[in-house]
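Undergrad: What follows is a structure written as structure tokens; I'll ask about it next.
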């Protein structure tokens, strides 16, 4: 619609006069005549951090995502890739306790998932300081719940890692394997308590009679009852003990000094108060007597 004004001869302005819209404009829809409203895009979503972003930044972004955001899976994978070497080192540290290292790696990944869920970025602490105890605790829980073949008191289970650490330190200090008494002194425990911990260390696993060892192609049940060739030595040792008891005290002393204490014939002669030649004859006759007695006993 157009507004027109008219002026009279005196130059005064009369009331405005509205003109009717043209036929063409009346046929055009109103929406087409009005300027198009600006179309607003959807609000920008959370942007993925750069490749150089810290773990804490990745986790802050992860916590800010809406449920089922496709970015969530990518962020989790980036965190897993970053800390996989750490998880493998922790698993390798515990791999000498009878569990396959691959199982320990899987357990470590479970610990990482728990650490991602439980980490609170707003506290301002480094993620690694939260990750390490979480993963270590998960692996220890795995050992406690799955690997002990018999029930071991928790007090002994908890002392075992400390005992292993002290034993390694003593080996470095002494340049040899420490004795039970030395370990007990370092741990401020009794010898008997240390022995209990050592025995408990062997209770991680039991083995089936049908299981195979890497060093043997036969199952365990066939090797447990194998012939012991040293068994005959038990009979001979007992026969020798009985035969020695039949010797005189002087003959027993000469045998002890010569074969157990490894004295020379000259040293024995000075000890028993006779010549070296006489000691030689005594040794020969004593050995003949022993052989005869052992043959008779067998």
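Positions of Cβ are set from backbone N, Cα and C atoms, glycine also.
According to TrEMBL:
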- 1-16: compositional bias 'Polar residues' (COMPBIAS)
- 1-52: region 'Disordered' (REGION)
- 43-52: compositional bias 'Low complexity' (COMPBIAS)
- 79-148: domain 'RNA polymerase sigma-70 region 2' (DOMAIN)
- 161-214: domain 'RNA polymerase sigma-70 region 3' (DOMAIN)
- 247-292: domain 'RNA polymerase sigma-70 region 4' (DOMAIN)
Undergrad: Report the DSSP secondary-structure composition of the domain 'RNA polymerase sigma-70 region 2' (79-148) as helix, strand and coil residue counts.
TA: 60 helix, 0 strand, 10 coil
Undergrad: In this predicted model, what is the average pLDDT of the domain 'RNA polymerase sigma-70 region 3' (161-214)?
TA: 80
Undergrad: According to DSSP, how is the domain 'RNA polymerase sigma-70 region 4' (247-292) divided among helix, strand and coil residues?
TA: 37 helix, 0 strand, 9 coil
